Amino acid sequence: MAPSSSLLLGLKLSMGFLAAAWVSFWILKPTKTWKRSWHLAEELANDTFLRDCGLNVVVFCLPVMGLAVLAFIHMHFHQERKQRKQTRSWDAAFSRPIIVKSLIGVISLGELLAVSLFLCFVSWTYYSDVSSDFKKLVSYASLNLNRWQLKVMNLGIRAGTVSEVCLAVMLFPILRGMSFLRIFGIQFEAAVRYHTWIAHAFLWLCTLHGVIIMFIWGQKVLLKEITTWQRVGRVNLAGAIGLIAGLAIWITSLPVIRRKYFQLFYITHHTYIVFIGFFLLHAGEKHFYLVFSGVFLFSLDKVLCFIQSRREVCIVSARVLPCKAVELILPKEPSMKYKPMSTIYLKVPSISKFQWHPFSITSSCYQDENNVSLLIKCQGKWTEALYSKISSIKDEKLDQLKSLIVAFEGPHGPSSSLYERYSNLVLIAGGSGITPFMSLLNEISSRSSSTRSYPTKILLIYCIKRTQDLSMLTPISSLLHPQRSHISVGIVQEGLLWRATVAALSFAIFLVSLVLLSNIFVHQVHGKPNRKAYPSWINELLVLTAFIIAMSCSAVATVLFRHQNSRKEHKDIKYSESTKQKSNYETDQKCSSPIRPEMYFKQRPIFSDVLSDISNESTEDENIGVFVCCPDSMKESVASFCKGNPKIDNCKNGSSSSFVFHSVNFSL
């Protein structure tokens, strides 16, 4: 039964309230009123079973966890609604490109507003903290500093404080299965650049924090501070180790190094565990609670992805295309659903036991419920090795192909199909950029006879440099999936309701474990924790222990759920016959195809002319969805047109059309 509009509205209002509460806490945190009230609240909490640690978790973590849980529930119910969602005027306005040519690519109005608000908030936090510190400068007993040195020292300290704002949101964009940003239509691949922006700002602030403090310390004090493990208070050695780990991640993630030494980038990026661990030891548990919601969701996401990726499957079939690309057909469970333009992460243990690479799905879950297709073009050492391995298998050695073991994790994609909002679509692809559009075209074709509204006109513009690249279109030249001669066990994907359940359950276990451990091991004197009686790392150890308990419980619950779900799936699966596939194909062929392809070889189309012609063909006022997946120069050309021509009037019938720009990041 489809959910009611009032239920979805209630979920949206609840999510808005939690988001507003979390942001309000951060805005008020640097103020004097908050600091006085917060100290009083902690003292009152210490008189209860909750303790101050529980209060910090409830205030700074509960709103985000509640938002994530409600977002998963909303996305689940939203998928059950069948009516078509129209594009609102403010959706089109926020998607409009504002900055076209920049070092960070095309920036829309929505992105520009979000970045501006974030910078204003960071500036406000820094100014408020620094101005408060300057009014009451306190000299350090171990340092003989004059007034200007104290001020510079406080500037460095507050740079570290502001960096916590970046860390609090830095991990949200790179969540995969636990990503609640999909409710805003943000795909994982597109959100990675938000993570990159925030990470650059975060590491700049961390570096500034460390350099200023070490400069003020001087040579003598510096050696003493970073070689001593402080029993109480800040552990400076832990901060130095965390900074080194962060700089290593930062340097190896630069495009020049990442593209040339991907293995080094991949391994170094996993030292985030070292960085987060030493951040906890350096900053202390109370500062860690400020960023803990992102760390918790990210860790939970990694646990779920790890469990899912442990299942390995055999390749159903594969074929080599003349453009040095490989099409892989992998088995999946019928219950695994995904939206067009989704991606999955693939690992081939015979090539590398550790490397995972993202690839765009080219099939539709409504086209074939038992298989999923990928189109992989050679553009690196790993893909070259895969191409060589597949192409070396001859027809008489097909058993070797079916014995080739792979593991995949996902799929990850948007929570809703943006293309369904438009009657007219323009898909602009260059080279390998055609891959994310294949799943979209396959879904539209396979469901064109259904009662659900889909685009009626689709213009596909495909630009290539070599004639061999025409073979990239082979997977969408026919809707008939190759007949399966072998079916192996597929991958089971947890649903959105399960993600909401495991997120709520694991967070509740963490909070209960932390409160219980604090009451058992941390003794109080006159209603306050006796912090002088034990080292400060005891608190960090309790946080880590509660965290491990929560992650372990979520892992066990997920394994049990997958085992039960897998058994149920194997009882219910009925593989469709090839004759049934043929009849479905013939039915789809009778439907008039809405796709009108245009090919451009060794030249780029004049996008202003092409898009203007599309506007003249429209018969009523409507938005035209422009989805672009191509090199940056082509993307900038299309974005420039959409920026300069947000609405075009049709001289023939007096209607006007608005072009809504969508940039699609593809995975190869």
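Positions of Cβ are set from backbone N, Cα and C atoms, glycine also.
Listed in TrEMBL for this protein:
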| type | residues | note |
| --- | --- | --- |
| COMPBIAS | 571-589 | compositional bias 'Basic and acidic residues' |
| DOMAIN | 308-418 | domain 'FAD-binding FR-type' |
| REGION | 571-591 | region 'Disordered' |
| TRANSMEM | 7-28 | transmembrane segment |
| TRANSMEM | 57-77 | transmembrane segment |
| TRANSMEM | 98-127 | transmembrane segment |
| TRANSMEM | 155-175 | transmembrane segment |
| TRANSMEM | 196-217 | transmembrane segment |
| TRANSMEM | 237-257 | transmembrane segment |
| TRANSMEM | 264-282 | transmembrane segment |
| TRANSMEM | 288-307 | transmembrane segment |
| TRANSMEM | 496-521 | transmembrane segment |
| TRANSMEM | 541-561 | transmembrane segment |
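Among residues of the same chain six or more beyond the transmembrane segment (155-175), those with a C-beta under 8 A of the stretch's C-beta atoms are 26, 121-122, 125-126, 129-130, 133, 181, 186, 188, 191-192, 194-195, 198-199, 201-202, 205-206, 208-213, 216, 279, 283, 287, 290-291, 293-295, 297-298, 301. The stretch from 98-127, 196-217, 288-307, 496-521 that makes the most Cβ contacts under 8 Å with the transmembrane segment (57-77) is 496-521. Counting only same-chain residues 6+ beyond the ends of the transmembrane segment (237-257), those with a CB under 8 A from a CB of the stretch are 196, 199-200, 203, 206-207, 210, 225-229, 264-265, 268-269, 271-272, 274-275, 277-279, 281-283.
Within the same chain, the transmembrane segment (288-307) packs against the transmembrane segment (496-521): three or more Cβ pairs sit under 8 Å, each pair at least 6 residues apart.
Here the listed stretches are 7-28, 196-217, 541-561, and the one with the most C-beta pairs under 8 angstroms to the transmembrane segment (496-521) is 541-561. Distant neighbours of the transmembrane segment (7-28): 34, 59-60, 63-64, 66-67, 70-71, 73-74, 77-78, 81, 121, 124-125, 165, 168, 183; these residues of the same chain sit at least 6 beyond its ends, with a Cβ under 8 Å from one of its Cβ atoms. In terms of DSSP helix, strand and coil, the domain 'FAD-binding FR-type' (308-418) has 22 helix, 39 strand, 50 coil.
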